[in-house]
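Just below is one structure, and these are the notes that go with it.
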Amino acid sequence: MATEATAAADFQGPDFRPVPQPPGLHPELLVKAHDGLYFWQFMIAGSIAGMVEHMAMFPVDTIKTHMQAIGSCPIKSVSISHAFRSIVKSEGTAGLYRGIAAMGLGAGPAHAVYFSVYETCKKRFSGNNPNNSLAHAASGVCATVASDAVFTPMDMVKQRLQLGNNTVYRGVWDCVKRVFREEGIGAFYASYRTTVLMNAPFTAVHFATYEAAKKGLAEISLDSGNDESLIVHATAGAVAGALAAVFTTPLDVVKTQLQCQGVCGCDRFKSGSISDVFKTIVKKDGYRGLLRGWAPRMLFHAPAAAICWSTYEASKNFFQELNDSGNSSGTIT
């Protein structure tokens with residue numbers, strides 16, 4: 001007890017004075033949001049992650065789109081190698097990147113909404129319980145409903161550009177103008193319901209699996225340093241992405257059909273009914289048609305999720321260090 005009293009007295013000496021606070025400072029207003037970041041920082045981190053993910057994996061996405069667009073389109077085989085050779089033969093390697101500009105315009109804003117909504121909902125739904133898988137799944141569903149409203153129009157443009165050559169659409173702006181003039185504003189959201197119905201279970205499975213896998217890998221990890229954390233995020237993301245991709249492939253096929261109708265000889269549907277598209281696919285290609293593109297979809301989402309989550313977590317770490325540095329120097333961010 002005497003030692004504690006002496007230590008307390010030492011900290012009351014003349015060399016230890018209270019640090020003066022700026023006038024009008026309210027410490028309670030400086031409490032940071034979830035994970036020590038502000039809302040806008042989640043948006044920037046998510047935007048960077050989405051751009052890196054989709055740009056890196058775009059050729060695989062192009063192959064998947066061609067494989068799913070049944071009809072009288074040039075590519076009829078479900079073979080990845082056949083699809084790849086057909087695209088390269090007809091358009092060269094540049095054909096693998098048709099529509100990448102539309103992806104760039106849509107992926108950044110959509111992922112900014114995606115991750116910021118997810119983090120906000122996760123904080124609210126979890127009740128400070130990091131192991132609440134139901135909260136993670138529900139947060140993912142909320143995130144996809146919001147982000148798909150932003151991303152669906154550009155995704156439609158992207159897929160039409162992926163299928164058509166320069167004689168169909170000359171670029172992003174030409175595609176937007178022609179679709180708006182010939183089909184109306186509704187064409188940009190023809191697949192929104194299907195996209196949400198697909199992405200709701202996708203993100204529920206994805207986020208719940210990611211959080212669970214991340215926790216499990218972190219517990220068995222022998223090294224808790226940054227390098228190990230990066231491996232944990234990438235591995236957990238890959239597992240979550242692959243599982244969610246395979247699970248939701250049939251709805252992705254329907255979405256592609258709705259977005260690409262009338263392009264390159266693909267079927268045009270009188271209604272946007274999901275059941276009608278299902279029936280058409282099964283009638284023309286059997287039930288296996290609902291699994292068209294499952295392999296490139298899995299090959300896309302596994303590495304894409306690994307890239308996305310590791311980039312997102314790295315961006316979050318950057319902002320956390322930036323905030324901590326600002327706070328330690330007395331800077332209000």
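Cβ from N, Cα, C; glycine included.
According to TrEMBL, the repeat 'Solcar' annotation covers 37-124 (among others).
What TrEMBL lists as repeat 'Solcar' is 131-216 (among others). Summarised by DSSP class, the composition of the repeat 'Solcar' (131-216) is 73 helix, 0 strand, 13 coil.
According to TrEMBL, the repeat 'Solcar' annotation covers 228-318 (among others).
Assigned with DSSP, the residues of the repeat 'Solcar' (37-124) fall into helix, strand and coil as follows: 71 helix, 1 strand, 16 coil.
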